[in-house]
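Feature table excerpt (Swiss-Prot):
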type	residues	note
MOD_RES	Met1	N-acetylmethionine
ACT_SITE	His173	active site, proton acceptor
ACT_SITE	Asp406	active site, proton acceptor
Amino acid sequence: MAAQLQPYNIIETCHISPPKGTVASTTLPLTFFDAPWLSLPLADSLFFFSYQNSTESFLQDFVPNLKHSLSITLQHFFPYAGKLIIPPRPDPPYLHYNAGEDSLVFTVAESTETDFDQLKSDSPKDISVLHGVLPKLPPPHVSPEGIQMRPIMAMQVTIFPGAGICIGNSATHVVADGVTFSHFMKYWMSLTKSSGKDPATVLLPSLPIHSCRNIIKDPGEVAAGHLERFWSQNSAKHSSHVTPENMVRATFTLSRKQIDNLKSWVTEQSENQSPVSTFVVTLAFIWVSLIKTLVQDSETEAKDEVFHLMINVDCRNRLKYTQPIPQTYFGNCMAPGIVSVKKHDLLGEKCVMAASDAITARIKDMLSSDLLKTAPRWGQGVRKWVMSHYPTSIAGAPKLGLYDMDFGLGKPCKMEIVHIETGGSIAFSESRDGSNGVEIGIALEKKKMDVFDSLLQKGIKKFAT
């Protein structure tokens, strides 16, 4: 019997680093914003582009430019090419870029049998089908002294001959948040797209700032608590792709008209009659639909049970330091906020309004408070969230502009935030058609996905039409 054909053929695996001599060896400490991500899974994303050319054209015309522009981009975003260093306890982990040694693993692959249109479709598909276009982050190296060195990022570009290209990314979240990642991708994209043009005529995004870490002071041993949990959970365990069984992922889009109708309904039902934002009302609607899906098989009948949703607020330019943290700061700079709603409210007749009011109140509370003073209590809220039934969180945000990634091929025809499959996350982005709608990614068991889809359509009919 002939050997089964593998769906992807690895053409090349190479290492991309900043241009020689452009970046000195650099060590960056982890801040209390970084430490919570030490124990969490990788952040994975995929960008699909239409591309009608052959593999030969792809290798000759597109890949060399992509690699060259990535090298230049890493000159400014060099931590992505570095390592997460984990010394033996009690020394804290840190980021390090070793000039002339460190690099980012870059894989070039070709699809031999996978259907590009099916892979990028919105319809439910087994979560494992996307893993073939995700890069494999190399395993950590451990020195004789017990110092663990973990690669931070890997990239993969895969061609589907005559159909399209997928650019995939895997990275440890401890190095930076979605704001920084979006900044990195847009800088790389701008360089790639401008290849061959006069550099003086190319408008590039602002450069990232690395020097602010020394002013981000821990307001109350916040990082120490996360380090203790990291060490107790076995710091030698390396994050990797773990595929849950019987899971599918699907994408749903709420149009601008549907969102405006949702806003009107919530405003009319709310006691204070205050307008709500697109983000809040969309999140409220999706959270309600998701919880209604999940509780159908729940054994608990307690009406006073409380469900929790974790949101994140960008702290750039919001912290009361003597020097503000700029929008281009490279790193994590997000504050977690827990939204809590009782079961009978979240499943009741005015469920979307209840969720919307709770989310709005939590955001207002966070934006009006001194975030540094509340930071020592963030861990308590997160632990409450973790221990609850069906804890839900968010990945991505429409404001990140993840569909603005034009590498000279036009904007993506699809974008996926893959790591939502690890459980309980809702992926958010702007709609790809530019109509100011919102795109939502969900991962569930197949049976539950059918229920979610049905509830979502019923909700749209009730609240948004």
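Just so it is clear, glycine is given a Cβ too, placed from its N, Cα and C backbone atoms.
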Name, in the order they occur in the sequence, the residues of the same chain whose CB lies under 8 A from the CB of Asp406 (active site, proton acceptor) and which sit 6 or more residues away.
Met189, Lys193
Translate the DSSP assignment of His173 (active site, proton acceptor) into the three-state scheme.
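Assignment for His173 (active site, proton acceptor) reads helix.
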Sequence gap of 6 or more, C-beta under 8 Å: which same-chain residues meet both conditions with respect to His173 (active site, proton acceptor)?
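Residues satisfying the criterion: Trp37, Leu40, Leu42, Ala43, Asn332.
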